[in-house]
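Annotation source Swiss-Prot lists NAD(+) binding site at 71-76, 105-109, 129-130, Lys142, Lys151. Per Swiss-Prot, the feature Zn(2+) binding site maps to Glu184, His246, His263.
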Amino acid sequence: MKIRIDIPHHPYDIQIEKGCMAQAGQWLRELWQPQKVVIVTDNHVASLYAEKVKLSLEDAGFQVAVFDFLEGEERKNLTTVQKVYEFLVKQGLTRSDGIVALGGGVVGDLAGFVASTYMRGIHFVQIPTSLTAQVDSSIGGKTGVNTPFAKNMVGTFAQPDGVLIDPLVLETLGKRELIEGMGEVIKYGLIEDPELWALLTGLNGSVESILEHAETLIEHSCQVKRKMVVEDELDNGIRLYLNFGHTIGHAIEATAGYGKVMHGEAVAMGMVQISKVAEEKGLMPAGITQSITEMCQKFGLPVDYENWKVDKLYQALTHDKKARGNTLKLVLVPELGSATIHPVSLEEMKDYLVK
């Protein structure tokens with residue numbers, strides 16, 4: 001299946017197909033002329049797929065080198081970026097060459113940032129290997145790295161030339177790594193896609209059920225992401241809906257220490273906490289918090305952060321990228337399948353941190 005991201009200045013396709021990673025070279029040859037390519041990946045993904053993708057690209061006529069770094073959210077920083085820059089220079093990459101981001105969200109965000117800044121921008125593509133990356137972070141052009149202050153605080157908007165999604169690679173994920181991706185999938189059902197929510201309701205929450213329906217879950221999620229990105233590429237309007245649960249979720253990730261709480265886990269906890277307070281304030285319908293909580297728990301996602309410290313979470317919120325002055329754009333769900341922006345002051349956000 002192909003999903004077109006029809007952005008006027010940089011349209012591209014998401015290709016979703018079981019087993020398609022084996023044809024990565026043929027796919028890339030349709031996008032780029034043979035040239036130098038650097039695969040950016042982490043050490044874990046490299047051990048599984050780097051050689052397979054490298055050989056496929058070489059068979060298609062590309063000159064290929066591989067750069068891998070230690071896996072983990074804590075490596076998504078400017079220190080790693082500098083190391084990639086140095087590798088690209090040693091390989092002699094020019095503006096006519098490109099980067100293949102092969103990995104999960106950390107790899108995709110970092111490699112995209114490198115591509116968008118090296119020599120003021122070179123071409124790149126995404127081959128996401130985690131569920132979170134396949135349904136969310138590989139699509140839409142947000143790149144970035146973390147700082148000690150906030151997640152993705154340094155970044156760019158830079159669209160890839162294509163996204164290649166192979167649902168079969170999810171079978172090599174650990175249980176926790178697969179389940180955390182369901183945080184984003186559940187979010188899509190809540191903010192835009194009642195049909196997806198109904199599908200999730202019908203699943204029993206097991207790893208087997210996720211893998212069996214992975215292609216459908218990915219397609220639904222990508223369609224929602226496509227709509228938001230095409231209408232609002234630079235995150236000034238409808239695309240903000242994608243941040244449901246992320247305001248508190250990012251604060252949890254930052255205060256826990258990057259890599260301690262996985263992104264989808266933090267999003268799940270953020271959705272539940274925001275919904276609980278918003279429901280109490282009459283801003284979200286009665287019973288929706290229970291529905292979200294039960295859905296997250298069914299798939300094994302955490303719904304409560306055990307190291308909850310209001311002062312530290314609040315400090316992290318002050319660095320939120322969606323803040324405008326002293327106002328945050330909080331995303332709420334007034335009814336299943338729709339979202340809205342509710343501006344709140346930083347002071348009022350303290351209410352949303354009360355357990």
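Just so it is clear, glycine is given a Cβ too, placed from its N, Cα and C backbone atoms.
In sequence order, His263 are the binding-site residues from Glu184, His246, His263 with a C-alpha within 10 Å of the C-alpha of Glu73 (NAD(+) binding site). Applying an 8 A CB threshold to same-chain residues 6+ apart, the list for Ser130 (NAD(+) binding site) reads Gly103, Gly104, Gly105, Leu170, Leu173, Glu177, Gly181. Counting other Cβ atoms within 10 Å of each Cβ, the binding-site residues Glu71, Asp109, Glu184 show the lowest value at Glu71. Take the mean position of the Cβ atoms of Glu184, His246, His263, the recorded Zn(2+) site; other residues of that chain with a Cβ within 8 Å of it are Thr132, Asp136, Gly183, Lys187, Gly245, Gly249, Gly264, Ala266, Val267.
In the three-state DSSP classification, Ser130 (NAD(+) binding site) falls within coil. Residue pair Arg75 (NAD(+) binding site) / Glu184 (Zn(2+) binding site) shows a Cα separation of 22 Å. For the recorded site, Lys151 (NAD(+) binding site), the DSSP three-state label reads coil. Separation of the C-alpha atoms of Lys151 (NAD(+) binding site) and His246 (Zn(2+) binding site): 11 Å, rounded to the nearest whole number.
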